[in-house]
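Novice: The structure's right below; bear with me while I get my questions together.
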Amino acid sequence: MAAMMQKSAFTGSAVSSKSGVRAKAARAVVDVRAEKKIRVAINGFGRIGRNFLRCWHGRQNTLLDVVAINDSGGVKQASHLLKYDSTLGTFAADVKIVDDSHISVDGKQIKIVSSRDPLQLPWKEMNIDLVIEGTGVFIDKVGAGKHIQAGASKVLITAPAKDKDIPTFVVGVNEGDYKHEYPIISNASCTTNCLAPFVKVLEQKFGIVKGTMTTTHSYTGDQRLLDASHRDLRRARAAALNIVPTTTGAAKAVSLVLPSLKGKLNGIALRVPTPTVSVVDLVVQVEKKTFAEEVNAAFREAANGPMKGVLHVEDAPLVSIDFKCTDQSTSIDASLTMVMGDDMVKVVAWYDNEWGYSQRVVDLAEVTAKKWVA
């Protein structure tokens, strides 16, 4: 049901009250863990960087301590764009400029630095444990490795990695394979985070022979507001005026977290004039004969079990805006599940390509933190 979808506290939904006993217990947990938190820096304070900070701020008992942000715009831009967001609305937190190199979020001070060269960042002197790499630029071993050269211990790339030997993780699918010795990891793409969980269910329950995917995806900052030069001639066209066919590696990338599917999936993207929330349309041939109700039952079992909080099954006839700021990686539109000839399965799944993805970045960062303090 729509009412069951998890919403963040700072999108306007009510927060349930806790008893005094529970509140004291929660504070005790925080006190115990405080000295064990890892120090986190965000490199690139764009859409994912700011969504990540809001998601992190909404967590309780987190093992992450965000202490620095590298943003070329400085404190004025960082504080203003964090507080006021055209998609997310006004941040309920108290965001202030402390001085020319610090902002505060509900009293929590965060240092703002500005350098386009990761080698010049003060990660060593700040004892940074983990860098959230959110620029979309430093996504290979050489680029991301510059953060480690600058003194950070680890890097989490918020995009598909360019080097095959950088491990990729999708929470709900293969995060259990994470090892503390990995210096650089990738959280894959937002579309892979939507696709991989329910594809895993299909593979385990029915066996996938082959398939294709189309993601109808909200426009992103990589596109042009008006027609202008771009390496992709379709993305060169005005994003708010067109449906823009383009490439996506999301389907192929599923095999990075589900090796049994290597060579079995492919797909394309259609960029559309909406600011956030996208939808995947997957068609696969399966080995085991099935029917729509059985497919949805498999999704419900996963949503109530091992993929709780990552996968959601929606029965109401909703539209894209209804999925804005949903915490899950993927919301199956149950009424649109189809089976043709008992072995061709069509699944439609919604996802907030900014918010839901950023929640998984926080989750994966927490996975690394738990290995640190174990």
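Glycine too: its Cβ is placed from the backbone N, Cα and C atoms.
Sharing the record's features from Swiss-Prot:
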ACT_SITE  CYS190  active site, nucleophile
BINDING   ARG47, ILE48, ASP71, ARG116, ASN353  NADP(+) binding site
BINDING   SER189, CYS190, THR191, THR220, ARG235, THR248, GLY249, ARG271  D-glyceraldehyde 3-phosphate binding site
DISULFID  CYS55-CYS325  disulfide bond
SITE      HIS217  site 'Activates thiol group during catalysis'
TRANSIT   1-34  transit peptide
Novice: Least buried of the recorded positions ARG47, ARG116, HIS217, ARG235, ARG271, going by other Cβ atoms within 10 Å?
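Specialist: ARG116, out of the recorded positions ARG47, ARG116, HIS217, ARG235, ARG271, has the fewest neighbouring Cβ atoms within 10 Å.
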Novice: Consider the recorded positions CYS190, CYS325, ASN353 and say which one has the Cα lying nearest the Cα of THR220 (D-glyceraldehyde 3-phosphate binding site).
Specialist: ASN353
Novice: Could you check what DSSP calls ASP71 (NADP(+) binding site) once collapsed to helix, strand or coil?
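Specialist: Reduced to three states, the DSSP call for ASP71 (NADP(+) binding site) is coil.
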Novice: Counting other Cβ atoms within 10 Å of each Cβ, which of the binding-site residues ILE48, THR191, THR248 scores lowest?
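Specialist: Sparsest of the binding-site residues ILE48, THR191, THR248 by Cβ contacts within 10 Å: THR248.
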Novice: Name the one residue among ARG47, CYS55, CYS190, HIS217 whose Cα is closest in three-dimensional space to that of GLY249 (D-glyceraldehyde 3-phosphate binding site); these are the recorded positions.
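Specialist: Going through ARG47, CYS55, CYS190, HIS217 one by one, the closest to GLY249 (D-glyceraldehyde 3-phosphate binding site) is CYS190.
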Novice: At the Cα level, what's the spacing in Å between ARG116 (NADP(+) binding site) and ARG271 (D-glyceraldehyde 3-phosphate binding site), rounded?
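Specialist: For ARG116 (NADP(+) binding site) versus ARG271 (D-glyceraldehyde 3-phosphate binding site), the Cα atoms are 29 Å apart.
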Novice: Near the Cβ of SER189 (D-glyceraldehyde 3-phosphate binding site), how many other Cβ atoms are there if near means within 10 Å?
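Specialist: Its Cβ has 21 other Cβ atoms within 10 Å.
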Novice: Tell me the Cβ contacts of ASP71 (NADP(+) binding site) under 8 Å, same chain only and six or more apart in sequence, or just say none.
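Specialist: The list for ASP71 (NADP(+) binding site) reads GLY44, PHE45, GLY49, GLN77, ALA78, ILE112, VAL113, SER114, given in order along the sequence.
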Novice: Compare the Cα of HIS217 (site 'Activates thiol group during catalysis') against each of the recorded positions ILE48, CYS55, SER189, ARG235, ARG271 and report the nearest.
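Specialist: Going through ILE48, CYS55, SER189, ARG235, ARG271 one by one, the Cα closest to that of HIS217 (site 'Activates thiol group during catalysis') is ARG271.
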Novice: Spatial neighbours of CYS190 (active site, nucleophile) among the recorded positions ARG47, CYS55, ARG235, THR248, ARG271, CYS325, defined as Cα within 10 A: which are they?
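Specialist: Within 10 Å of CYS190 (active site, nucleophile): none of them.
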Novice: Between the recorded positions CYS55, THR191, THR248, CYS325, which lies closest to ILE48 (NADP(+) binding site), Cα to Cα?
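Specialist: Going through CYS55, THR191, THR248, CYS325 one by one, the Cα closest to that of ILE48 (NADP(+) binding site) is CYS55.
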